[in-house]
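Quick paste from TrEMBL:
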DOMAIN    1-99  domain 'Dihydrodipicolinate reductase N-terminal'
BINDING   ASP32, GLY71, THR72, THR73, ALA96, SER97, ASN98, PHE99  NAD(+) binding site
DOMAIN    102-230  domain 'Dihydrodipicolinate reductase C-terminal'
ACT_SITE  HIS131  active site, proton donor/acceptor
BINDING   HIS132, GLY141, THR142  (S)-2,3,4,5-tetrahydrodipicolinate binding site
ACT_SITE  LYS135  active site, proton donor
Amino acid sequence: MNIGLFGYGKMGKMIEQIAQKRGHSIVAKIDDASQPIDYKSMDVAIDFSTPESAFGNITNCFKNGVPVICGTTGWLERYAEAVEICNDNKGGFIYASNFSLGVNIFFELNAQLAKMMANLEEYKVSMEEIHHTQKLDAPSGTAITLAEGIIENTPYEKWKLEESGDKTIPIKSIREGMVPGTHSIAYESAVDKIEIKHEAHNREGFALGAVIASEWIAGKSGIFSMKDVLNLS
Ligand SMILES: NC(=O)C1=CN([C@@H]2O[C@H](COP(=O)(O)OP(=O)(O)OC[C@H]3O[C@@H](n4cnc5c(N)ncnc54)[C@H](O)[C@@H]3O)[C@@H](O)[C@H]2O)C=CC1
Ligand SMILES: O=C(O)C1=N[C@H](C(=O)O)C[C@H](O)C1
């Protein structure tokens, strides 16, 4: 497959290595807004760019008939608009806040645990995410997806950075060193604590998941998720 990379930073470079090992060709490396883009050469685009540039990159791909795998976080206030443009152009799209198999299993575990805790008022939930200091957005996209999983399955109604309160999930965002991504969720009562945690050792899992998603979407049109790709629940 011919892959166009939008964003050639830490993730773009890792995806290049994994895609080439799986027999794909990288036909474009777009790393800023000024580069000319030959959409015709691409079977699929993979966007790991910046919160400011992702929406434009993705929707230009749809308008040029290129399906998109997007892992960029921090732009989701425009997700519905992107979906509309995808559908108008009969395009293909997968956004995931986290492409790793482990985190997608963790999303399922989080939802199951939330269901079990839903009526236990003595437990209060909280979340923590730790990432490297270059990360531009907070909380992480993964933490937001986890919070949404809790909100779907419990009386909690919203999440907020740091702040707890009635029906609010507090999320603590820590930025330190080179941490690739650690997420934990705790339910705490006066007598004990239940905690689940996912810790990425490196970025390979994210990159492999994105390449697998790009192989999966070939020839399809529509809006999909990693649940479809991984056949989860
Ligand atoms: N969904 C997932 O599994 C994962 C998502 N991410 C997300 O992916 C994004 C990128 O992460 P990293 O590679 O670590 O960041 P990075 O900062 O290393 O790379 C981003 C690259 O985008 C480039 N860029 C700037 N403007 C651009 C434009 N208009 N078009 C294309 N590229 C442009 C920058 O020059 C930079 O090289 C972040 O939003 C991060 O949160 C990161 C890891 C996993
Ligand atoms: O910026 C990162 O590095 C990561 N971003 C994603 C997120 O915001 O959840 C996924 C992963 O945690 C790494």
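Even glycines carry a Cβ here, placed using N, Cα and C.
A TrEMBL annotation is a machine prediction, not a hand-curated record.
Values in this document were obtained by computation on a predicted structure and should not be read as measured data.
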Going through the recorded positions THR73, PHE99, LYS135 in sequence order, which have a CB under 6 Å from an atom of ligand 2?
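So the answer is THR73, LYS135.
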GLY141 ((S)-2,3,4,5-tetrahydrodipicolinate binding site): which of the binding-site residues ASP32, GLY71, ALA96, SER97, PHE99 is the nearest Cα neighbour?
SER97
Please identify, from the active-site residues HIS131, LYS135, the residue with the sparsest Cβ neighbourhood, meaning fewest other Cβ atoms within 10 angstroms.
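LYS135, out of the active-site residues HIS131, LYS135, has the fewest neighbouring Cβ atoms within 10 Å.
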Hey, what's the Cβ neighbour count for GLY141 ((S)-2,3,4,5-tetrahydrodipicolinate binding site) at 10 Å?
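By my count, 20.
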Check the domain 'Dihydrodipicolinate reductase N-terminal' (1-99) for me and report the mean pLDDT.
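Residues in the domain 'Dihydrodipicolinate reductase N-terminal' (1-99) carry a mean pLDDT of 98 in this prediction.
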Return the count of C-beta atoms lying within 10 angstroms of the C-beta of THR73 (NAD(+) binding site), excluding that atom itself.
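Taking every protein chain into account, the count is 25.
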Specify the secondary structure state of THR142 ((S)-2,3,4,5-tetrahydrodipicolinate binding site) as given by DSSP, simplified to three classes.
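THR142 ((S)-2,3,4,5-tetrahydrodipicolinate binding site) sits in a helix per DSSP.
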Determine which residues of the same chain, besides HIS132, GLY141, THR142, have their CB within 8 A of the center of the CB atoms at the recorded (S)-2,3,4,5-tetrahydrodipicolinate site, and list them by sequence.
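So the additional residues around the site are THR73, SER97, ASN98, GLU129, HIS131, LYS135, ASP137, SER140, ALA143, GLY181.
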